[in-house]
C-alpha cells in the first residue's frame, strides 16, 4: 500500500520468480498424466495412487501461510531460493523412488518446496514493482502458471511414453539448478537482510494444519471411503472446531500467524480472496471431468483430448499479461467480476453440450472459460497484493495460494462427486472399462450437473468480487 522506489532489477526478479511459478503447476499436471503408469510400476493400489497427489496438495496447504509469515521476517528471495532447493531435491528423490512410501515422502518434500515458491513469488513481484506496473508484472507471473498447466499434459505424455515415468520428475532438475544459480547471482543486490522479527505462532500453525487436513483429506478420498462413511464425516466434523480454536488463538496471541484484521478490516482483501476460493472451486475440476467426457463418453482418443484441453490454459497464458496491464489503468473490480461471469458462461456452455457435440463446440466453450479466467486472475491477484502493507506481502501471497490449493481440492471432491453421482457403486470401473450405454449416459448427465454447479459457484465469486471496496495501491 505504500510507495516504493523502482527496483533496477525488477524485471530480472520477475523472470526468476516466473520460473518457479511455471515449475509447480507443470509438475502437478505431469503427475496426473503419469499416474496410470506409476501405479502398476510401483505396485500401488488405487487408494495409494491417490496419495501421490494428495500428499503434495496437503504439504502445500499446511505449510503455505507459516512459510509466508517466516518469509516476511527473514527475506522472501531467500525463501524462494530455499524452495527451489527443496523442490528440486524432492524431484530427484521422487524419480529414484522404488516404492509407494518413498514416492509419497518425496511428494511431501516437493509440496514444501512448492509452498515456498508459491508463498513468495507474488510477494517478490509486488515488492519489486511500483503500483503502475504491478498488474502487468503479476499478469506475466500468472501467465507462467498457465504455461505450466498448458505444457504439462502433452509433455508428460511424451516423457512417459518414450522415456518412462521417472522423467516427469527428472525434467525439473536442470530447470531448478539453472534457476538456483541465476538467483544466487541476483540475490545479493536484490534484497536487504531483514531481522528475525517476532516468534512464530506455533499454536496457530498447528491448528491451521488440523483444519486443512480435516477438510482436504476426507474430501479427496470421499469417492473411495464413501461420502456418508464414518471416516469421512468424522474428519469433516473436526473442521469447525479447529476453525473456532484457530480464530480464538489468533485473536489472543501477540504475533499471530494470520492477522485477522486483514479479514475483518480489509474488505478488499477478504472479498478478493473469497472470490479466488470460489473461482478455483468452480474451475479446477473442469479439465479433469472434460477429459473423461471427451474420451469415455464422446469416444475421442487421449491425444485428441489432450490437445483440446490445452485451449483453456493457452487462452489464459496469452491474455493474462494484457488483463494485468488493463487492471493497472482501470482497477481490478470490473475486470475480475466480468471474468467470473465469463467463467460461468463457459461452464454453462460446456454443460449444455450433448454427447454428440463436435470438438469445435468444446474448444469454443473452453476458450470462453479461459478468457474469463485470464480476465480474473491477474487483476484479482494485483488487488490482493496491493491492499496490504509491504511487511505483510508474504502472508498475503501465502493466503491467496492457500485459497487456490483449498479450492482445487474442494473442486475435485465436490464437482467430481456430482459427476459420479449417478454411476453407483462400481460405476467408475464400468465407465473406465469403456462400458457403453448406461454408464456413459450416467456420467454425461453428471458432467452437465457438475458444470452447471460450477457456473453457480463462479457467479457467487462474481458477487463476492463486486463487494470489494478499498484502496488498491
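Positions of Cβ are set from backbone N, Cα and C atoms, glycine also.
TrEMBL lists 13-473 with the feature domain 'Major facilitator superfamily (MFS) profile'.
Marked as transmembrane segment by TrEMBL: 12-34 (among others).
Feature annotation from TrEMBL assigns transmembrane segment to 46-67 (among others). Only residues 6 or more beyond the boundaries of the transmembrane segment (46-67), in the same chain, are considered here, and those with a CB under 8 A from a CB of the stretch are 28, 31-32, 35, 38-39, 79, 100, 103-105, 107-112, 114-116, 118-119, 200, 205, 208-209, 212-213, 216-217, 220-221, 224, 257-258, 395, 398-399, 401-402, 405-406, 408-409.
Annotation source TrEMBL lists transmembrane segment at 79-96 (among others). Tertiary proximity for the transmembrane segment (79-96) is limited to same-chain residues at least six positions away from its ends with a CB under 8 Å from its CB atoms, namely 16-17, 20, 23-24, 27, 67, 70-71, 102-103, 105-117, 119-121, 124, 166-167, 169-170, 172-173, 176-177, 179-180, 183-184, 187, 394.
Under the heading transmembrane segment, TrEMBL lists 138-159 (among others).
Per TrEMBL, the feature transmembrane segment maps to 165-184 (among others). Through the fold, the transmembrane segment (165-184) approaches residues 16, 19-20, 23, 26-27, 30-31, 33-34, 37-38, 41, 77, 80-81, 84-85, 87-88, 91-92, 94-96, 106, 155-156, 159 of its own chain, all at least 6 residues removed from its boundaries and within a Cβ separation under 8 Å.
Residues or ranges marked as transmembrane segment in TrEMBL: 233-249 (among others).
The transmembrane segment annotation in TrEMBL covers 270-292 (among others). Listed as Cβ neighbours of the transmembrane segment (270-292) (distance under 8 Å, sequence separation of 6 or more from its ends, same chain) are residues 32, 262-264, 305, 308-309, 312, 332, 336, 340, 343-344, 347, 350, 362, 366, 369, 373, 376, 380, 383-384, 387, 399-400, 403-404, 406-408, 410-412, 414-416, 419, 431, 443, 447, 450-451, 454-455, 457-458, 460-462, 464-465, 467-469.
Taken from TrEMBL, the feature transmembrane segment covers 304-323 (among others).
Long-range contacts of the transmembrane segment (335-353) within the same chain: residues 272, 275, 278-279, 282-283, 286, 290, 323, 326-327, 361-362, 364-377, 379-380, 383, 447-452, 454-456, 458-459, 461-462, 465-466, each at least 6 residues beyond the stretch ends and with a Cβ under 8 Å from a Cβ of the stretch. Annotation comment: TrEMBL describes 335-353 (among others) as transmembrane segment.
Feature annotation from TrEMBL assigns transmembrane segment to 359-378 (among others).
Panel annotation: around the transmembrane segment (399-424), residues 57, 60-61, 64-65, 68, 115, 118-119, 122, 212, 215-216, 219-220, 222-223, 227, 258, 262, 273-274, 276-285, 288-289, 292, 381, 384-385, 430-431, 439, 442-443, 445-447, 449-450, 453-454 of the same chain, lying at least six beyond its termini, place a Cβ under 8 Å from a Cβ of the stretch. The transmembrane segment annotation in TrEMBL covers 399-424 (among others).
Through the fold, the transmembrane segment (444-466) approaches residues 271-272, 274-279, 281-283, 285-286, 289-290, 292-293, 297, 333, 336-337, 340-341, 343-345, 347-348, 350-352, 354-355, 372, 376, 380, 411, 414-416, 418-423 of its own chain, all at least 6 residues removed from its boundaries and within a Cβ separation under 8 Å. The transmembrane segment feature in TrEMBL is assigned to 444-466 (among others).
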